[in-house]
Amino acid sequence: MNLTHLNAQGEAHMVDVTDKAETSREAVASGCVFMQPATLALLVEGGLPKGDVLATARIAGIQAAKRTHELIPLCHALALSKVSVDFLINHEQHCVEVSATCRLTGRTGVEMEALTAVSVACLTLYDMCKAVDKSMQIEAIRLDSKTGGKSGDYRRAGYTSEAPIVTGEGDTGEVSLRERCPTAGVRVKFLAELRERLATSESFVSLDELPTSDIAGLKAVLAQRDPRFALLNEQRTLCAINQVMANDTARITDDDEIAFFPPVTGG
Amino acid sequence: MSDIKNMADIEIRVQSDAFAITHGYPETLNGRTDIGAVVSFTGLVRDFNEAPDVTGLSLEHYPGMTENTLHAIAEQAWQRWTLQAVRVVHRVGHLQPGDPIVRVLVASAHRRDAFQACDFIMDLLKTEAPFWKKEHAKSGDYWVKERHTDQTDAQRWSSS
């Protein structure tokens, strides 16, 4: 096996890709920013001094992917056809999981672009939160999968292109004590495609924030926090209170579990 | 309608493990001689759907609500037709083309009840049970869109 960025004399050079076939290529990379639980709580609530952390980190990651060739000496400049950066809040391990997907039809792979997007999104998360937490750690930046190109497909061992199965409190058959909400309020879950579009899996809303104690009131509070939550008002978005389907006028009470999700597609 | 329904007559399973394509059949018969008809439906992962070259599928669900919803659908079928057993198994997690994804088995004394109840359960499962599919294709991953025909299929049962 050879290192393609070294020529016969062992000098660094840029690979000539003129004669390589154009194929559809995709790369997925991920990383993790570990932080204090209190920092994560502030991040989720939008209480950090620099504002919306995830939205900013997403834009930073996308911009970085487009400029990879300026940072990494022997990378080609690529016209990416898609860059997406997603976040998953992991409350158990108090970290933000960052993943980036890059795609194009071309002659070179997009692994470096995906890795750069994740790296810069992680750095931006750090920058946005460092006022309250300097002990954050950026870890496990790695390539999860790549498809297309001469070297074929790669999938990191243990990587299952995760639409994680949403587990509630503990796995099936396990009993776990639920963390009690600090003040009277409701936990709000976002499932499946909606979770990905919102880049968040869970929020907490205290009862005294609600203009009216129903689903419509909850949607209003969330939309005020972040314009992305306008998605909840789309007609196709469904809602359940304590796992029973509900509409906008359904009443909310303390400690309810509210879930928003897209139309179902099982079977 | 059967007067006595044991807990074992309705079985709902949501699992990440694979199941046999005969799942439910031997368990349901199990030496019984009062069953006159068994109708089962098995759904498989296709290698083409919205994309032509599907390489895999990830199934997400809402634990708790999923089982409750499937139970409620089976109960409705039990009320509507004269049945002797209903078994539903649905997989979650990562699946590959060719894998069985769902299986519904209905037993009754006469065939019409079993045929209709099985059809009914699948129609309601498709439109009410909180499962979501993400397909992995060579051209990328995407969430499967809901189908209008599934809604109209399910509505057939509310008008009759």
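Just so you know, glycine gets a Cβ as well, placed from its N, Cα and C.
According to its DSSP assignment, A:D127 (active site) is helical. Sequence annotations record features per position, and here TrEMBL assigns active site to A:D127.
Residues or ranges marked as substrate binding site in TrEMBL: A:L74, A:C75, A:H76, A:M112, A:E113. Around the Cβ of A:C75 (substrate binding site), 18 further Cβ atoms fall within 10 Å across all displayed protein chains.
The DSSP breakdown of the domain 'Molybdopterin cofactor biosynthesis C (MoaC)' (A:14-149) into helical (H, G, I), extended (E, B) and coil residues amounts to 46 helix, 44 strand, 46 coil. What TrEMBL records for A:14-149 is domain 'Molybdopterin cofactor biosynthesis C (MoaC)'.
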Substrate site, defined by A:L74, A:C75, A:H76, A:M112, A:E113: further same-chain residues with Cβ within 8 Å of the Cβ centre: A:T68, A:H69, A:I72, A:L78, A:T108
Farthest-apart CA atoms of A:L74, A:C75, A:H76, A:M112, A:E113, residues recorded for substrate, distance in Å: 13
Surrounding CB atoms that lie within 10 Å of the CB of A:D127 (active site), all protein chains: 14
Cα separation, A:D127 (active site) to A:E113 (substrate binding site) (Å, whole number): 21
Candidate with sparsest Cβ neighbourhood (10 Å radius) among A:L74, A:M112, the listed binding-site residues: A:L74
